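Lifted from Swiss-Prot, the feature list:
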ACT_SITE  Asp82  active site, nucleophile
ACT_SITE  His411  active site
ACT_SITE  Asp462  active site
ACT_SITE  Glu471  active site
CARBOHYD  Asn254  N-linked glycosylation site
CARBOHYD  Asn359  N-linked glycosylation site
SIGNAL    1-25  signal peptide
Amino acid sequence: MDCSSPLSLFHLLLVCTVMVKCCSASDLHYSDALEKSILFFEGQRSGKLPTNQRLTWRGDSGLSDGSSYHVDLVGGYYDAGDNLKFGLPMAFTTTMLAWGIIEFGCLMPEQVENARAALRWSTDYLLKASTATSNSLYVQVGEPNADHRCWERPEDMDTPRNVYKVSTQNPGSDVAAETAAALAAASIVFGDSDSSYSTKLLHTAVKVFEFADQYRGSYSDSLGSVVCPFYCSYSGYNDELLWGASWLHRASQNASYMTYIQSNGHTLGADDDDYSFSWDDKRVGTKVLLSKGFLQDRIEELQLYKVHTDNYICSLIPGTSSFQAQYTPGGLLYKGSASNLQYVTSTAFLLLTYANYLNSSGGHASCGTTTVTAKNLISLAKKQVDYILGQNPAKMSYMVGFGERYPQHVHHRGSSLPSVQVHPNSIPCNAGFQYLYSSPPNPNILVGAILGGPDNRDSFSDDRNNYQQSEPATYINAPLVGALAFFAANPVTE
């Protein structure tokens, strides 16, 4: 929920009262899952680890990142199971962590400080990347092909730590606008707890968005094989420009951003119907975000975004005239074979966020002759979250360290190799592959990691080398944090 809006909180809790039951032994422990979903980010940290680091099998890493280029790029997150820092997915992760805290932070009082710490670990890095060199944004540390040819702990890595940036000559509107969105969203989160930091975030977001908008182009074109096929901007940069402007408007309340949205929306994707929300494609997320302005503030020019949000919602609801989503026999939303759970967590978050907006305005989604209520959206989101946490045909939790049965062979270098505490001597590049292909479980539990997940028949191979199913990623976890906060406060039933 929008924690700055007591009315929104009241409406959402009022709707949930008819759905809440007393907790029993059969209830999933959403509070435990919430805590672990945030803890996961400590396993992805790059840089000098703090004294309160809880995943103690990790150590310091990447302490000279950027130094050979005379910039400080220490910190941030490794994106997944490797030792690379990719700017586009890291910025999206940051935006989604921030959005989750904005909407649902007041429902996780015991975890909100940990959530803010996870967010700040990323924003501190993004601030460095945004301000190190004028008219430039640093968007990557590490050479992907060299990194992937090794199986090394981040504490040992000796592969090239090349640094890549976008600039006025080699633009990257997609990654820059996403970075602006991340910084703007985070500025809302820190508005009450650290006003000077919040101001710095917003000021930087404004500058980065100006850079993204003025020097247009895709970072995939500028950087080529450095980012492709790993994190190509397949959707282009229009979606990020509209997304970034939307977040800057929400964070700053500056009317110029609403003017930008109204003047440029149609050319930047406002009329598109799209059915996936991810680190690459922000169109659906933007529509949900802007629908708030119509539903709660009655900004008529934003009604279009509510209409397209309804189209997205209707595509997910079986029985509606425009239903087109694919679900596995066990009920999991299925979008693709590689890291499918990234789409499940982002969809669950959007369902709950839109339910919040509908509740606060007394609205509903229109699917032809069918009316879809906030309660319907909450129910569908719960099915997806519960599937991830173990209510599925395999009776397996896809969150590492949660529940009685979860994957043991996670595609993650640091987790699969002996920790530096146990094996302080370096394990070289090629020597590490014996651990990739070994049969014992990972020696270090990457608590809270959500993996890529099962296939379209609910089948999962607990195989460390099957990265499509067994690799975690920050952008899989980030949307789930807000969703788990909601269900921890509201263990709703059908």
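Residue numbering: from 1, along the chain as shown.
Quick reminder: no glycine exception, Cβ is built from N, Cα and C everywhere.
Here is what falls inside 10 Å of the CA of the residue listed as 'active site, nucleophile' among the recorded positions Asn359, His411, Asp462: His411. Neighbour density for Asn254 (N-linked glycosylation site): within 10 A of its CB lie 13 other CB atoms from the protein chains shown. Cβ-based neighbour count (10 Å, all protein chains) for His411 (active site) stands at 24. Distance noted between the C-alpha atoms of Glu471 (active site) and Asn254 (N-linked glycosylation site) is 40 Å.
The Cβ of Asp462 has fewer other Cβ atoms within 10 Å than any other of the active-site residues Asp82, Asp462, Glu471.
The shortest Cα-Cα distance from Asp462 (active site) to any of the recorded positions (Asn254, Asn359, His411) is found for His411. On the backbone, the CA of Asn254 (N-linked glycosylation site) and the CA of His411 (active site) stand 44 Å apart.
Every protein chain considered, the tally of other Cβ atoms within 10 Å of the Cβ of Asn359 (N-linked glycosylation site) stands at 27. The two recorded residues, Asn359 (N-linked glycosylation site) and His411 (active site), have Cα atoms 40 Å apart.
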